[in-house]
Amino acid sequence: MVHYKLMCFDVRGLGEVIRQLFYLGDVSFEDFRVSREEFKSLKSNLPSGQLPVLEIDGVMISQSASIGRFLARQYGYSGKTPTEEMQVDSIIDLFKDFMLTFRQFFFAVIHGYPEYEKERMKRDIVKPAIKNYFIALNKILLRSKSGFLVGDDLTWADLQIADNLSTLINIRLFAEKEPHLNVFIRKL
């Protein structure tokens, strides 16, 4: 029997959707949560020096999108057809592109940048990125007849985007004036 060990920070984050895929697939796994202090000593032993990492029978794999894609294929959440799989991958790439931009602001916050710098980043980087991200997500949802992002069933793109939008709500960067996105979150 395969042994899965998920290593990720002890917060909601890029490991959350991976956890959800394990639960949806009804697959047991070791959920190894790492504090920021513990991460310092683990970092040099990780494939890319980052978390999350999925260890499968002793083999470590990094990069949340690769892990998510693998598990989604294993448990039936990657799309029903090759075209749907490509659409799901496209939405995951949209999320990753947004996160690259958002990450700059996140690091400024956790590393204690001065308020004026965080406000500048929020105005010049984060808000325009969120606007473009929401425009793209709304277009996808408006084309959908099912309320899911792709096809008629839940995919890991739905999980990833819903988790991300929930995080944006929690940190007060989500605009309530996005009716399609709000309906989407409530659906999931």
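Glycine too: its Cβ is placed from the backbone N, Cα and C atoms.
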Q: Name the residue, out of K40, K43, that Swiss-Prot lists for the same glutathione site as G49, Q50, L51, Q63, S64, please.
A: K43
Q | Span of the glutathione site, taken as the largest CA to CA distance across K43, G49, Q50, L51, Q63, S64 (Å, rounded to a whole number) | A | 16
Q: Can you see whether DSSP assigns Q63 (glutathione binding site) to helix, strand or coil?
A: coil
Q. For the domain 'GST N-terminal' (2-79), what are the DSSP-based totals of helix, strand and coil residues?
A. 31 helix, 19 strand, 28 coil
